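Encoded as structure tokens, the structure appears first; notes follow it.
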Amino acid sequence: MPAETAPRVILASGSPRRRELLGNLGVPFEVVVSGEAEDSQETDPARLALELGQLKARAVAAQHPDAVVIAADTVVALGGTLLAKPADEAENAAFLRQQSGKTQQVYTGVCVISPAGEQSGVERTDVTFRALTEAEVTFYARSGEGLDKAGGYGIQGVGMALIERVEGDYSNIVGFPLALVLRLLRGAGVSAFGV
């Protein structure tokens, strides 16, 4: 699709990881952060991720109705308990202790809104942590790497060493499941990979 006819794409996220992954698809885009409060009474992690992704996309689409807006939200659940972004080093360490030797679920809700309508979906990936020593927990929590990430770890960094197994889409754990993103963008008429 020639650049002059390509739809304007807006990523409704301030996440550097989402910016990098969308950029890797060869999709020209701009960033507009929604600023919406991520408040919900929803307790089901898949529905919560979808609801928050839709909330962000709808807020930005209301300001830019001519654009294709994409937003996502990632939720981590362990045994039915939601693990948000840790507030500090102590909470990060507590999250890691909870996850040690266990399998968590990572859900990302993605919503694409274009002048033609709204499409959305949820991706789930299971992540199994190794049995962590207290020294590993302390070291990682002190690193600060997990402070801005749901579940308190960054799989694309040193946090990968905490993980024993991943079942599902790796990019989902980073917060932007590329296969789902690509399908939704194509459904809105957006080409990827420069074609």
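Glycine is no exception: its Cβ is also placed from the backbone N, Cα and C atoms.
Per Swiss-Prot, these features apply:
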type: SITE; residues: Arg17; note: site 'Important for substrate specificity'
type: ACT_SITE; residues: Asp73; note: active site, proton acceptor
type: SITE; residues: Thr74; note: site 'Important for substrate specificity'
type: SITE; residues: Gln156; note: site 'Important for substrate specificity'
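Least crowded of the recorded positions (Arg17, Asp73, Thr74), judged by neighbouring Cβ atoms within 10 Å of its own Cβ: Arg17. A sphere of 10 angstroms centred on the C-beta of Gln156 (site 'Important for substrate specificity') encloses 17 other C-beta atoms. Taking the Cα atom of each, Arg17 (site 'Important for substrate specificity') and Gln156 (site 'Important for substrate specificity') are about 9 angstrom apart. For the recorded site, Arg17 (site 'Important for substrate specificity'), the DSSP three-state label reads helix.
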